[in-house]
Structure formats: structure tokens, C-alpha cells
Amino acid sequence: MSKQILILPGDGIGPEIMAEAVKVLQRIDTQHGLGFELVYDELGGAAYDKYGSPLADETLERARAADAVLLGAVGGPQWDTIDPSLRPERGLLKIRSQLGLFANLRPALLYPQLADASTLKPEVVAGLDLLILRELTGGIYFGQPRGNRTLDNGERQAYDTLPYSESEICRIAKAGFEMARLRGKKLCSVDKANVLASSQLWRAVVEEVAKDYPDIALSHMYVDNAAMQLVRAPKQFDVIVTDNMFGDILSDQASMLTGSIGMLPSASLDANSKGMYEPCHGSAPDIAGKGIANPLATILSVAMMLRYTFAQADAADAIERAVGKVLDQGLRTADIWSEGTTKVGTVAMGDAVVAAL
């Protein structure tokens, strides 16, 4: 079996956190005899600086050839003024769409050692373990037509389009039901079917797919209510499935229930479990180069990669246990530090996880 992984450190803190994730990957590779081949390239702003494009053609070909892609983060203020079509984020959108990565998995898991880090009361979030499944290659971020125009009265207007086809909804719905079957057998589909035509089709197709999953309890919720319920009573959810834009917003909201977005990994999968794995957080240019970024989300993304693309559950479990051990030792990066714990930097945190394996 081919086991090639494309490493894309990206921008901002990306190279720093990726270095620690690769250390962990290499240790687990040695321990379990997995035989991975690591290939390196650039994406985002770093790719624009090197190639003149946020995603070079040769990088895309390397991504197609690899079995999995591990990404740091993209973006930064130094690229804010370039042509919008060349912005770092466009490279991220393009690689997702070109690889057919339609299912984005964003877990929100509260580590008991970090219960005090959440802004919500401990009794509201203790034991939180939910998964948001976001459709990633359709909807308003890719819909056409989109653009800017000047109206007859001289006023500027901008417009976007939110299309979803039956097949796009069907495949993400099936993925949602399958994930729910592996977890708590509850699926909540989030839409805005009281207003949007695309959401009305979304709800209808999800209902049709549900007939093949009689063992899963399906519910529907409008996105505004879902945002409120995530704060009011987040433990009511097991798996949430939703469209691209709603999932983008709700998954960031859910991440803060856990106290730090620096703890949360994500996976973006195609129909055959090939995936791109990355932390939920951004490139954090304000702390780039300071050696204080939290690498745990990227390290946990490695665990997701081992679990979902390479079917190495034992190796994935080992990484997740090692992260738990490090937290038990009281080691914290600045974003999750609290009184009575030991503040460490990026490299020290990565070394601690390697030592705990």
C-alpha cells in the first residue's frame, strides 16, 4: 500500500506547528512500522511568494499523487492587498475542490483537564463530544454567478449564489448518517429551510437518505436556533451535518466551547477516505515566529489522518493518549494556560508528546 503524505506547512505559525506534528508522525511511524514517505511543498501565501500562485499546478499534482495531505495554516496580512483571485485562501478552496474533499469533519471535544478553559459553566460543557460535518465543495463559496456591478443609479452592488444539487446533498447526508452510526446514533441536520430554496431541497434530500438509516435518530434545526443551542445546551448534539457556510460558522463557534481552538483538529475527506488534515485554527500571524503557538491541534490532525485515511486506529489512539498524558502533566501552551499549570512553548510541547508516546 502506498503511504505518501504531502506536507504543506503554509503561513504564519504553520511551519512551527507542522515541525512538531512531523516529529510526532515520525515517532509513531517508527514505533508502528508504518513506512510513510513525506513530501514537502507550499500552499497559500508561501506558495504565492514562491510560485506566484496560492496553489501551483505541480503542488496540486503532488496532492493528487499523495494518499493524504497534512496542512498547517494559510493566510496573513502581507497578502491582503494582492489580487483577490491570488489570495492564500483561494489556494485552500481550490485544493479542496480539485481533490473532491466534500466532507469536513470538525470534532469539538472537551478534554477534562481543560474544563476550566471554556467560557461556559463546567456543568454545561463537561463531557462535551460532538462532531460537525460540513459540506465543503458546494454552496455559496463556489456558486456562480458571483461578482460586483454598478446599478443604474450608480450604486455599487455585490452578489453571490447559493446552489446545491441533489447529489451534493445526498453524499454529505450519507456521510453524516455513517458518522452518527459510529458514534451516538443521533444526527441533527442544520439548514435555513424557512427562507432558502437551497435549504428546502437540503431538508428534503436528507429526509430521503434517512430512510436507509432507520437506526439513526434524525432531527432538523434552523441555523439560527442551532447557534443558540450550541451555547445553551451543547451536549444535546452528537453529529451535526450542514452546508458549507453554516458549517464554517458553527464549527468555529463549537470550537470555543472547548476553551481553545488550538486543541481542535479537522479532516476533509473524499468519497474514498483520501483526506487533507489541518488544525481548525488559522495562521495566527500575530504570534508567528515567537515559538508560543499550540501544536496540539496539528498533532491531533495527524491522529485523525491515521484513523480515517490509513485505518491505523491503534496509532491514532496512541497519539490521542499521549496528548492526554501531557495535559495530565500540567503542561500548557499560552492559549490554554491557567494558574497552577506550567507554560511551555511550541517545541517543548511537541517534545513532550513525543516523549509520552
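Just so it is clear, glycine is given a Cβ too, placed from its N, Cα and C backbone atoms.
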Among ARG106, ARG146, ARG149 - the residue Swiss-Prot places in the same substrate site as ARG96, ARG134, ASP224: ARG106
When distances run from the Cα of ASP252 (Mg(2+) binding site) to each of the recorded positions ASP80, ARG134, TYR141, ASP224, ALA288, the nearest one: ARG134
Cα separation, TYR141 (site 'Important for catalysis') to PRO84 (NAD(+) binding site) (Å, whole number): 14
Chain-internal residues, separated by at least six, CB under 8 A from ALA284 (NAD(+) binding site): GLY12, ILE13, ALA73, ALA293
Length of the line joining the Cα atoms of LYS192 (site 'Important for catalysis') and ARG106 (substrate binding site), in Å: 21
Neighbour-count leader, CB within 10 A, binding-site residues: GLY76, PRO84: GLY76
ARG96 (substrate binding site) CB neighbourhood, other CB atoms within 10 A: 21
Alpha-carbon distance [TYR141 (site 'Important for catalysis'); ASP80 (NAD(+) binding site)] in Å: 18
